[in-house]
Structure formats: C-alpha cells, structure tokens
Amino acid sequence: MATLVSPVSCFRSSLAAAAVRFPIARASFRCSSSTEMETEHYKFGAYKIDQREVFYSTHLSYALVNLRPLLPGHILLFNFFFFIPRKRREVKRFVDLTPEETSDLWISAQKVGKQLEKYHRASSLTFAIQDGPQAGQTVPHVHIHIVPRKGGDFENNDEIYDAIDEKEKELKNTLDLDKERKDRSMEEMAQEADEYRKLFS
C-alpha cells in the first residue's frame, strides 16, 4: 500500500531544527501510511471519529470527509500532537497551537486544498476557522473547513460563512444526540475518503 507523505518529505528539515529546540519533536516525528491510519484512533473534541473517514494524516494533523458537506469536497482538517505514542494533545483554540502545529496545519491545508480543488474541478477554495464559541465554534477542537469553490455555487459569495456556521451547529447537535447519520452513510463517506487518499499516494 502506498505511503502518505506530507510536503517536503514530512517536514524533515523543519522538524529536525525543531527537535534541537524541542526534544519531544524528535521522539514524536512520524508520517502516517494508509495502513497506520487503519489502526489510529481519531477524535473530534470528545467524539470518536471512524478511521474510514480519515484520508490524510501527518504526525500533527489529519483530514476527514464531512458528515454534511456544504458543497462537494467540503472537508475538515484537525490538529493533533503526540507527546508519547498514542497520546495526543487536542487543542481547543487556534491561538493555543504551537508554531510547529500551526505550520503543519496550514501546510496540510494548502496541500489538501490544492488536491481537492483539482479533483472537483473547482476554481477557488474557502478556508474557514471558527476560533472560540463567539466565532461559531461548537466543538472545542481546532479545525479548518476547506471547501472547493466554483462560480455560482452561492448566490452571494459570503453566504458560505453563514452556511458554515449552520453546519457547525448541526454537527454539534448530531454528535451530542448520537443520532444515526442521516445525510450520509458511513459507506458513502468511506468511499469518498478512499478516493481522496489516492490523491496523496
């Protein structure tokens, strides 16, 4: 099975420099292959994520398909950090990310966005973060909405931000009530994630 690699050979040069200053970075450095993703445990705040939804992963970030996408290709990108094997730091606010986490999250967003834009034959991308409850964040875990865009997908271009706020509230309600996933089945989401994984092999 193909190994997923992040930009610039999994940031080896930047992490090597970080490892000198932050020894934990050296101990925790790794990239995730598709096989490794199958054994990983992913969480969105307090909620468990099925690994079949995850299609991209580095040692600091991971991307998954969306339960209720606004548009084709609307995905979520999260942070995580390994302090020791299988132990991660889940950060609630963007402002609390370390420089290494911030860099990895945005480089991952750039890479994932580029591939999804091409895959969906879009012409633009929307990146959105709701950083804190007053900004619309409903699950306290840093994440970026990445949405491939095409002309005319919204009548008023800025309506997408209101739509993201609504989807965030729906997601929180769905997770809190532990309802069955009505909008998309796990099989449909897993199939989409499989297609996206091929973009990074």
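Every residue gets a Cβ built from N, Cα and C, even glycine.
Per TrEMBL, the stretch carrying the note motif 'Histidine triad motif' among 6-10, 56-60, 141-145 is 141-145. Your range for region 'Disordered', going by TrEMBL and the list 150-175, 176-201, is 176-201. In the three-state DSSP classification, Gly136 (substrate binding site) falls within coil. When secondary structure is read from DSSP and collapsed to three states, Gln130 (substrate binding site) falls in the coil class. Within the same chain, the residues at least 6 positions away from His145 (substrate binding site) whose Cβ sits under 8 Å from its Cβ are His74, Ile75, Leu76, Thr126, Phe127, Ala128, Ile129, Ile164, listed in sequence order. Neighbour density at the Cβ, taken as the number of other Cβ atoms within 10 Å, is lowest among the binding-site residues Asn66, Gln130, Gln137, Thr138 for Thr138. Classification of Asn66 (substrate binding site) by DSSP places it in coil, neither helical nor stranded.
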